[in-house]
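Here's the structure we're looking at; comments come further down.
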Amino acid sequence: MLPMVTGFMNYGQQTVRAARYIGQSFMITLSHANRLPVTIQYPYEKLITSERFRGRIHFEFDKCIACEVCVRVCPIDLPVVNWRLETDIRKKRLLNYSIDFGICIFCGNCVEYCPTNCLSMTEEYELSTYDRHELNYNQIALGRLPISVIGDYTIRTIMNSTQIKIATGKPLDSKTITNY
């Protein structure tokens with residue numbers, strides 16, 4: 001008789017413990033139900049990137065001295081630099097510069113170590129294409145500045161979304177500074 005009673009007591013304790021665990025997880029689920037949605041409706045709303053965001057690389061042809069430091073510090077030897085030595089002035093003349101963004105890992109080493117600051121990272125992150133050969137940007141394509149997300153009036157940015165309007169009570173423009 002005694003083993004049967006202890007068995008029922010263990011069963012009761014296990015049932016209470018299981019109910020407590022289920023109740024705790026249910027309370028966590030309910031606490032998350034009150035939060036505002038985090039999802040961004042991508043084609044219509046774009047996330048404003050931070051100033052340290054590592055997007056597409058911008059290249060200024062006139063500043064480049066063809067030193068090839070960017071190629072040496074790149075972990076995958078990605079930038080292709082074609083140059084010719086001008087014998088009359090005894091300097092390198094840059095002929096072609098290209099980066100294949102299908103291979104680039106966006107580490108930023110080329111930008112960091114460039115002695116003339118001819119490379120910089122932009123906020124552009126929309127590089128998708130149907131043909132991988134279109135991701136090979138030459139000096140002309142690298143020299144184009146991207147359209148700023150804040151300055152693009154066709155896109156409703158996250159700063160003007162309903163989430164911010166609810167939190168602050170008024171819509172924000174692109175010049176408003178917020179502390180998150």
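Glycine too: its Cβ is placed from the backbone N, Cα and C atoms.
Pulled from Swiss-Prot, these are the features on record:
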type	residues	note
BINDING	Cys64, Cys67, Cys70, Cys114	[4Fe-4S] cluster 1 binding site
BINDING	Cys74, Cys104, Cys107, Cys110	[4Fe-4S] cluster 2 binding site
DOMAIN	55-84	domain '4Fe-4S ferredoxin-type 1'
DOMAIN	95-124	domain '4Fe-4S ferredoxin-type 2'
To see if you understand the setup: which same-chain residues, six or more apart in sequence, place their Cβ under 8 Å from that of Cys67 ([4Fe-4S] cluster 1 binding site)?
Lys92, Pro115, Thr116
Cβ under 8 Å to the domain '4Fe-4S ferredoxin-type 1' (55-84), counting only same-chain residues 6 or more beyond its ends: which ones?
49, 91-101, 103-107, 109-125, 127, 137, 139, 142-143, 145-146
Between Cys104 ([4Fe-4S] cluster 2 binding site) and Cys70 ([4Fe-4S] cluster 1 binding site), find the distance joining the two CA atoms and give it rounded to the nearest Å.
12
Just to verify a number: CA distance, Cys107 ([4Fe-4S] cluster 2 binding site) to Cys70 ([4Fe-4S] cluster 1 binding site), in angstrom, no decimals.
12
How would DSSP class Cys64 ([4Fe-4S] cluster 1 binding site) in three states?
coil
Looking only at the domain '4Fe-4S ferredoxin-type 1' (55-84), how are its residues distributed among DSSP helix, strand and coil?
5 helix, 8 strand, 17 coil
Cα-Cα, whole number of Å: Cys74 ([4Fe-4S] cluster 2 binding site) versus Cys64 ([4Fe-4S] cluster 1 binding site)?
16
Excluding Cys64, Cys67, Cys70, Cys114 themselves, which residues in that chain have a Cβ inside 8 Å of the centre of the Cβ atoms defining the [4Fe-4S] cluster 1 site?
Ile65, Ala66, Glu68, Val69, Val81, Cys110, Pro115, Thr116, Cys118, Leu119
Mind looking up the mean pLDDT for the domain '4Fe-4S ferredoxin-type 1' (55-84) in the predicted model?
93
Collapsed DSSP category at Cys104 ([4Fe-4S] cluster 2 binding site)
coil
Return only the integer: C-alpha distance in Å from Cys64 ([4Fe-4S] cluster 1 binding site) to Cys110 ([4Fe-4S] cluster 2 binding site).
12
